[in-house]
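Written out below as structure tokens is the structure these notes cover.
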Amino acid sequence: MSSEPPPPPQPPTHQTSIGLLDTPRARDRSPSPLRGNVVPSPLPTRRTRTFSATVRASQGPVYKGVCKCFCRSKGHGFITPADGGPDIFLHISDVEGEYVPVEGDEVTYKMCSIPPKNEKLQAVEVVITHLAPGTKHETWSGHVISS
């Protein structure tokens, strides 16, 4: 029997001796809302708009315009007002009726300001009044018709 204490453990001198290079491990990640190309809209949609903003918009005048563009996969587009002025933003949640808007569709809409500065406008309660002639229109359920 020896009266000497055992030597203290020494740190490894090479990474393979502690198993860093031997077994690759997948990094555990917390769920992210940005995974799967789902990006939250920075603009108020029908679901996130406040009650007071909805009431103000519904009491406003009805405007006429033409759909300048609309991307179903992105969920938004723009309307060119019939009386001129800058294009108006259109979110997918504010389109009424069964058809996806396409370029050239005549629409009616009301307007709501976009927070936080309330300097820009967004079209709400959008209704397609005349389908653009000679174009294919898709319903929200995926059926395609020609107009």
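Note: Cβ is positioned from N, Cα and C throughout, glycine not excepted.
Computed from a predicted structure; not experimentally measured.
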For the candidates SER17, SER52, SER141, I need the one that Swiss-Prot annotates as phosphoserine. SER52
Taking each of the modified residues SER146, SER147 in turn and counting other Cβ atoms within 10 Å of its Cβ, which one has the fewest? SER146
